[in-house]
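Here's the structure we're looking at; comments come further down.
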Amino acid sequence: MTLVFGSSCRLAVTLIFAFVSVFVFCEYVIYYLVILRCSWPLLEIEDSHSPLRALFLSDTHLLGAIRGHWLDKLRREWQMERAFQTSMWLLNPEVVFILGDVFDEGKWSTSQDWEDDVRRFKRIFRHPVDTKLVVLVGNHDIGFHHEMTKQKLERFEQVFNVTSARILTIKGVNFLLVNSVALHGDHCPICQHVEEELQKLSHALNCSIQGAQHNGQCKNAARFAPAAPVLLQHYPLYRVSDAMCTGVDTAPLDEQYLLFQERYDVISKNASKKLLWWFKPRLILSGHTHNGCEVLHEKLYPEISVPSFSWRNRNNPSFVLGTFSQSEFQLSKCFLPEERTVLVVYCSSCLIIALITLIHLKMFRNSLQFTNNLIGKHKTL
């Protein structure tokens, strides 16, 4: 009898250890195993200056108080926190850009809900002091154009220390940060202000590139590194659909030929032409669609749409790694663990543990019955 109960105790300890091991693997270890496969792309031309290493992600969609079920919040936010913290530890980027739709309900959240969302964001995306975090605005952060207000925009800009149009220069690399929600072209006050700022930035950047700061028209212009910028915004530039996209994580086939709506799925054709004409960017990075896309505008300007970072929007989220110099850049994509894989590991492990338990219980009953029979025979004797 003692041997039987001793065996049961050993099984219980083994099962607890198995459950803990599976949990640790699925919630911690798997992120290291997957992200370890990622590496920074190398530039083809060596530069005397060390290149800039930048990480780009998009559409985190932190759930709010209205639509966010607690279990959905817990699962998705934990996934993003582990993915981001593991990436920071393994890859150590110098700058991280989040390309909008940080929150899911910023467009209608109250001041109290907004503060709670911001607190959770800062916990999930905490980063080393030597890593710069730059956040762009998306339609879910301040609302679509007809929902956008000065109050919503200002509270976003105050929290993340951004403006709707500016050039950020790091290691001689110019990043043009644009509030694409305000590129509606209807001359609303916010839209008009953003367009005026973009024109000023275009003028100043062209003066810097041409080295004409002492020219009369450029005398009072701001100075930037003499290099074409990397354009960053939430909405993609105008394209008819995702049918022209290439890449391994494009939209599903049944969605690729759905026509995009200007100012809703992509910025307008006119706004796209203005940005390309004013800045002639060497690269465009955007989000919004939740799918990957690589497309070439006017056979000259490459655009990469960065997929969503959250399991809530896709099974295989990812982010983009970029290595930049003033004259060159290289990109690579880093995929995160797939939600389907984690669920399969959990289900398979639970099934195996259940089978082992059932087999042991059957053996336990047989042993108990055998012991009882022996005791009965002993009493008879």
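Backbone N, Cα and C define each Cβ position, glycine as well.
Here Swiss-Prot has N139, H234, H288 binding divalent metal cation 1, and the candidate from D101, D104, D113 in that same listed site is D101. According to Swiss-Prot, the residue from D59, D72 that belongs to the divalent metal cation 2 site alongside D101, H234, H290 is D59. Around the Cβ of H290 (divalent metal cation 2 binding site), the number of neighbouring Cβ atoms within 10 Å comes to 21. For the pair H234 (divalent metal cation 2 binding site) and N139 (divalent metal cation 1 binding site), the C-alpha distance works out to 8 angstrom.
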